[in-house]
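Step one of this worksheet: look at the structure below.
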Amino acid sequence: MLKRILVIIGLAVLATACSNAPRTVSHQVISENDDIQLTGLINNLEKDNRTGIFHKVRTNRSSALMGDKALASVYNEWVGTRYRMGGTTKRGIDCSAFMQTTFSEVFGIELPRSTAEQRHLGRKINKSELKKGDLVFFRKNNHVGVYIGNNQFMHASTGQGVTISSLDEKYWARTYTQSRRIM
């Protein structure tokens with residue numbers, strides 16, 4: 001009986017853990033000398049209605065999206081690292097640990113380890129007020145990322161690992177719950 005209860009609890013935790021959004025982002029290394037153009041990372045797939053297959057679309061790199069070289073450096077260092085619940089290393093990391101690492105390395109701010117604690121930091125702000133470095137929360141505050149500008153955020157998702165996504169994507173727009181400014 002106890003074993004069955006533990007299995008059910010484990011499944012519930014997995015179901016509410018960091019998000020598993022649709023795969024719409026390609027991974028690429030970003031030059032620290034360039035402004036980062038992340039809309040190209042998000043919007044570089046186009047569906048062929050005839051075949052239903054997505055293919056890459058050429059995009060320009062002119063949008064100054066994430067000029068902060070420290071954020072670019074953290075992204076480049078962690079991009080593609082797989083998601084691992086409770087993970088804190090390059091072998092696997094979860095969303096709250098990735099925020100903890102990012103804020104420590106980029107802003108010198110020590111965040112608590114869990115999303116449950118992070119969701120109470122700083123002050124709540126409207127989505128329209130988002131600035132680079134704000135925390136964005138999803139799925140009843142069980143998933144967290146850092147806003148990087150141009151309606152995009154950096155996070156660790158179960159499906160893609162460390163990646164960049166757009167708040168405009170259906171999944172993220174539907175599951176967005178709040179934003180918080182801690183700086």
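Backbone N, Cα and C atoms are what each Cβ position is placed from, and that goes for glycine too.
These features come from Swiss-Prot:
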{"type": "ACT_SITE", "residues": "CYS95", "note": "active site, nucleophile"}
{"type": "ACT_SITE", "residues": "HIS143", "note": "active site, proton acceptor"}
{"type": "ACT_SITE", "residues": "HIS155", "note": "active site"}
{"type": "DOMAIN", "residues": "65-183", "note": "domain 'NlpC/P60'"}
{"type": "LIPID", "residues": "CYS18", "note": "S-diacylglycerol cysteine"}
{"type": "LIPID", "residues": "CYS18", "note": "N-palmitoyl cysteine"}
{"type": "SIGNAL", "residues": "1-17", "note": "signal peptide"}
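Sorting the domain 'NlpC/P60' (65-183) by DSSP state (H, G, I as helix; E, B as strand; all else coil) yields 36 helix, 37 strand, 46 coil. Spacing of CYS95 (active site, nucleophile) relative to the residue listed as 'active site' is 6 Å (Cα to Cα, whole number). The local packing around CYS95 (active site, nucleophile), expressed as other Cβ atoms within 10 Å of its Cβ over all shown chains, amounts to 25. Cα-Cα distance from HIS155 (active site) to HIS143 (active site, proton acceptor): 9 Å (rounded to the nearest whole number). HIS155 (active site) is surrounded by 28 other CB atoms, counting those within 10 A of its CB over all protein chains shown. The average pLDDT computed for the domain 'NlpC/P60' (65-183) is 94.
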